[in-house]
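Annotated in Swiss-Prot:
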- CYS68: active site, acyl-thioester intermediate (ACT_SITE)
- ILE106, HIS107: substrate binding site (BINDING)
- HIS107: active site (ACT_SITE)
- ASP122: active site (ACT_SITE)
- TYR208, THR214: CoA binding site (BINDING)
Amino acid sequence: MDIEAYFERIGYQKSSNKLDLQTLTEILQHQIRAIPFENLNIHCGKTMELSLEDTFHQIVRKKRGGWCLQVNHLLYWALAMIGFETTMLGGCVYVPSACKYSNTMIHLLLQVTISGKTYIVDSAFPFSCQLWEPLELTSGKDQPQVPAIFHLREENGTWYLEQTKRQEYVSNQEFIDSNFLEKNTHRKIYSFTLEPRTIEDFWSISTYYQVSRTSVMTNTSLCSLHTKDGVHGLMGTILAYKKFNYKDNIDLVEFKTLKEEEIEEVLKSVFGIHLETKLVPKCGNVFFTI
């Protein structure tokens, strides 16, 4: 595995060799604009492999994306390779339909320490919940970013990531009441602790989410990729684009229903994904919103 091949994959030309916040932010932003969050292997009859070698091959060599257990694993490797003090953490994702956080740890995120200051780094959460910059590990502080205002709060050793989003204007009126739109201005995203994790801690949940009939990953084919001013999303046959703060503190949201035969070309042109086997698009109960 070659770190230069990773940098080429994300289109990053090192501006300096400093292990500082600017470099960390640049790498994060290049990754989220080059590597999609996606679970398409599950809907192509393939498995989502977790080993670093398999992840590197899929994302770097085959120019695919992956889910958090792959994409953030790759980012962990890259940051550690160039010398950042990096730790894997595990998170419990908020389930809106149940009004609670998942019972088990299902999300991989990263902690990075620079000159004694700690940040949360995450390159693999779908749509507008995605961080564009590292978050200071500080409780109760508003941290405005392009997608939204993010907040971290700590209670008894557990940290909670939340966001406050802008109002939205939906250009396609037939989607005005879509379940893919987040109805609440304030959104809970996930909780986590600072207990160090390894990729082996996620093996059993990875298997479960690939085979369980109730898993969001088996129920919905997902793809999400950020641009310099917004985010593209594909949920089943629904294509969406959100442009952040397009005017007067309002986000523009556009939807389009694709025909199945259009999906392959959209994956190539919008997300940079070339599939080797046929995708069976699926959209079950809506879990993620644009």
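The backbone N, Cα and C atoms fix where each Cβ goes, and this holds for glycine too.
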Inter-residue C-alpha distance, THR214 (CoA binding site) and ASP122 (active site) (nearest angstrom): 25
Proximal residue to TYR208 (CoA binding site) among recorded positions CYS68, ILE106, ASP122 (C-alpha distance): ILE106
Least buried by Cβ count (within 10 Å) of the recorded positions CYS68, ILE106, HIS107, ASP122, THR214: THR214
Nearest of the recorded positions (ILE106, HIS107, ASP122) to the residue listed as 'active site, acyl-thioester intermediate', judged by Cα-Cα distance: HIS107
Inter-residue Cα distance where the pair is ASP122 (active site) and ILE106 (substrate binding site), in Å: 14
Alpha-carbon spacing, HIS107 (substrate binding site) to ASP122 (active site), which is rounded to whole Å: 10
Surrounding CB atoms that lie within 10 Å of the CB of TYR208 (CoA binding site), all protein chains: 15
ILE106 (substrate binding site) in three-state DSSP notation: coil
